[in-house]
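Beneath this line is the structure, given in structure tokens, with notes to follow.
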Amino acid sequence: MNSHTKQKIGVFGLGKTGISVYEELQGKCDVIVYDDLKANRDIFEELYTNNSIAALSDSRWQNLDKIVLSPGIPLTHKIAGIAKNFNIPIISDIDLLFEKSKNLNFIAVTGTNGKSTTTALISHILNSNGLDYPVAGNIGVPALQAKASKDGYILELSSFQLDLVKTFTAKIAVLLNITPDHLDRHQDMTGYIAAKSKIFDRMDKDSYAAINIDNYYCREIFMLLQQEQRIKLIPFSVTKILKNGISVVGDKINDNDISYKLPFNKNLQGTHNCENIAASYAVAKIIGVESKKILESISSFQSLPHRMQYIGSINNIGFYNDSKATNAISAVQSIKALDNIYWLAGGIPKEGGIEEIKPYFSKIKKAYFYGQAKEIFAKTAKNIVDFVICDNLEQAFDLAYKDAVGDNAEVKNILLAPSCSSYDQFKNFEERGELFMKLSKRHCEEITK
């Protein structure tokens, strides 16, 4: 990385991102590192025997050319104060990847919900059609660990990551939706929207932005960019057919004034996935993939784990894992896509609880609440939908399964859409989803014995 050769650089945060940054920079410049968590420092010392760890009291932090901050570190942290006091620029791993690959196309995807599925769907479409676009970023692959590419990268970017970027410039940017989230980090919606809007920074007339104009906050950003006239804009909608833009309404995808039949894919059910499809189609068309080829790729897409993941169906009971639905807005999307639902929800509740889901309670046959949120959710559901309070996810699943087996309805669905973060009982949403999948498969095996 020539632009950083012989510079003094600090890496703060030693999770996956921080480690990837250190591995990129070591031997090319003078690097010091730190993490507030002793466990992360210990892991680093096991991996690397050199003396790179320096506490923030070390004066070397005051004499750096740059500090690379991991996205989990808020800008209110002491390290940000040191950077400000000593005029040290804070950058991100996203900037580092961009600076060494400026000749390639960068596709950036953000939004409160749907980022990972859209990122994966774009990648599937492009790579199925002979192009080379690895994914990286918030999807679980640190930017600097993305495999080498000849065409470009598709980056899923969270508001935390966008807060840190300084030089990164997207060729194509996607804004899926904005709803209240991470307000503890951004203070209020104004701060959150400002962070999301940074995806369009430094883009010019040769760049493209695909924006969901059904969403109020996204529409406001779209209109502001229209006034600026510095980016080529492609609006998309799932509620109305646009004469100039991309629409997914019913079983049709409309590309300006041309309509195509949308292939059914059980892994892409629900309004939220219509948004993901519209955005992915727009990006693929910009890149130059033919409409017919895009539709073929959509039909063969396999959903990501824990994101409205269809696990299987037996005796008319379908099992759906939407563990990634960590807020009510996200859970609404999976609930809207199904009927006769045995709903598993709980964990650490987000602001507003499940109020957003109340209009869709008629789709829920019975709810099973667990974790810290169980009493709060029960209060919202009282006298509207039948529910049971459970100790944990496993108990909730067992009760839901028993009730579904006894239901004579033609179609029944057991849905994990927690509407909460997972940290009261699990390490993360992935561990929560893995347990649900294990339980689903175990019960399917019992039925078939």
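Placement of Cβ uses the backbone N, Cα and C atoms for every residue, glycine included.
Values in this document were obtained by computation on a predicted structure and should not be read as measured data.
Annotation comment: Swiss-Prot describes G111, T112, N113, G114, K115, S116, T117 as ATP binding site, evidence class sequence analysis.
Apart from the site residues G111, T112, N113, G114, K115, S116, T117, the chain places the Cβ of V109, T118, L176, N177, H272, N276 no farther than 8 Å from the centroid of the site's Cβ atoms, the recorded ATP location.
Within the group of binding-site residues (T112, T117), the Cβ with the highest number of other Cβ atoms inside 10 Å belongs to T117. Neighbour density around each Cβ, counted as other Cβ atoms within 10 Å, peaks among the binding-site residues N113, S116 at N113. Residues within less than 8 Å, Cβ to Cβ, of G114 (ATP binding site) and separated from it by at least 6 positions along the same chain comprise L176, N177, H272, N273, E275, N276.
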